[in-house]
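Colleague: Got a structure here, written out as structure tokens. Questions coming.
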Amino acid sequence: MGINPTTSGPEVSSREKKNLGHIVQIIGPVLDVAFPPGKMPNIYNALVVKGRDTVGQQINVTCEVQQLLGNNRVRAVAMSATDGLMRGMEVIDTGTPLSVPVGGATLGRIFNVLGEPIDNLGPVDTRTTSPIHRSAPTFIQLDTKLSIFETGIKVVDLLAPYRRGGKIGLFGGAGVGKTVLIMELINNIAKAHGGVSVFGGVGERTREGNDLYMEMKESGVINEQNIAESKVALVYGQMNEPPGARMRVGLTALTMAEYFRDVNEQDVLLFIDNIFRFVQAGSEVSALLGRMPSAVGYQPTLSTEMGSLQERITSTKEGSITSIQAVYVPADDLTDPAPATTFAHLDATTVLSRGLAAKGIYPAVDPLDSTSTMLQPRIVGEEHYETAQRVKQTLQRYKELQDIIAILGLDELSEEDRLTVARARKIERFLSQPFFVAEVFTGSAGKYVGLVETIRGFNLILSGELDSLPEQAFYLVGNIDEATAKATNLEMESNLKK
């Protein structure tokens, strides 16, 4: 589906007579607005409330029409705080949906849901805007080629490889490293692939948004000296913002990514942190819009809302959007409707494990729970597929033996099982990796490991060639040569102590 960008911003349309209404009811972030008969705005039109509150402060609130109620009334959701709004205030129908700036001028800048820059670097130098509501590309426009997207992260590339132009979910509870993994992916992809990224911060912590921005400036993903050379545009609708903003900020980020794909014909990376907050924001306004809650209190339109966002994230013959979405899993319950609905749209899942994080193995990606539709011999090749399967079998056998080890001890195992356990523990540690973005608090230099090197390393462990090396030599290293060098250093240190 080609974008039809306009050359006017999201201002009020300049008709001879503006379509004016007035507020009749305010319930938190939801407004009811009455319009003259025959002048009702369309669904998804942007409405603007301008005026002054009781203490004389200027008010400028943008809302989006969600429902036509009858009796010449509409129900709209506000994109910013409704503090100071009063019944009777004048409301202007802009006549168009929310439109945001798109194109090269968005790179290196931070925007809110309305496409307004919020980084104090002045106005955005673009007259090209695009509406945030569009239909997904048609079947005939889709690209069906299958190819791997190398990330440089061993556990991901080997066991749950990402598809170029696919959708990937990062699953995990609070504090197991989703955002750090996303930052590492942005860093690696900008450096290794030279691609353009769009980051949508949906309902996450403001502090994390600030940290990410600073990290990007440090790593050169955002170029402070020459903003136009930057590789990422940032769109934030953080936790402190009303649900309307959090519900639509994902669409704002996606609209910017679609322009790079359809008009600039580029391969784009779209990061959404966190897709669960998109669902959560929808559920917050759903009851206020008068909808009956569904399972676990979620909105009845959950699947429709998720589908309208996800189906626009795809590859066309012009370019591709590869999307990596962090998915917060409430109470670590993968059957919760929010993560369960997200699963249906994904090509690969990267599941983060609290158990691995507790062991200090980072990235804490669960090698047995993480999946990918790309892990097939005809796509990745026989060697990659066989290596991945043998790694999974070894780790699965180790998992089965853990109860026996806990009760009877390692000595009660057969010789073959003891060897399996030793190799599995080395594999588990070799799946860890020092990150560029975590250098500050690990003290280890970050490592990017190519897929060929990754496969070679795991084949050497599985073949038994490295059985004599201590397992700590495999912890937080890049390729297998670093592990053997670390083993030599450990041996020298122990000899010196003697």
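Just so you know, glycine gets a Cβ as well, placed from its N, Cα and C.
Residues or ranges marked as ATP binding site by Swiss-Prot: Gly172, Gly173, Ala174, Gly175, Val176, Gly177, Lys178, Thr179.
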Colleague: Helix, strand or coil for Lys178 (ATP binding site)? Use DSSP.
Modeller: helix
Colleague: For Ala174 (ATP binding site), write down the residues of its own chain that are at least 6 apart in sequence and whose Cβ falls under 8 Å from its Cβ; none is a fine answer.
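Modeller: Once residues fewer than 6 apart are set aside, Ala174 (ATP binding site) is near Tyr328.
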Colleague: What residue among the binding-site residues Gly172, Gly173, Gly175, Gly177 has the most other CB atoms lying within 10 A of its CB?
Modeller: Gly172
Colleague: Starting from the Cβ centroid of Gly172, Gly173, Ala174, Gly175, Val176, Gly177, Lys178, Thr179, the recorded ATP site, name every other residue in that chain with its Cβ within 8 Å, sequence order please.
Modeller: Tyr328, Leu352, Ala357
Colleague: According to DSSP, which of helix, strand or coil covers Gly172 (ATP binding site)?
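Modeller: In three-state terms, Gly172 (ATP binding site) counts as strand.
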Colleague: Tell me the Cβ neighbour count for Lys178 (ATP binding site), meaning other Cβ atoms within 10 Å of its Cβ, over all protein chains shown.
Modeller: 25
Colleague: Taking the Cβ of each of the binding-site residues and counting other Cβ atoms inside 10 Å, which one has the highest number: Val176, Thr179?
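Modeller: Highest number of other Cβ atoms within 10 Å: Val176.
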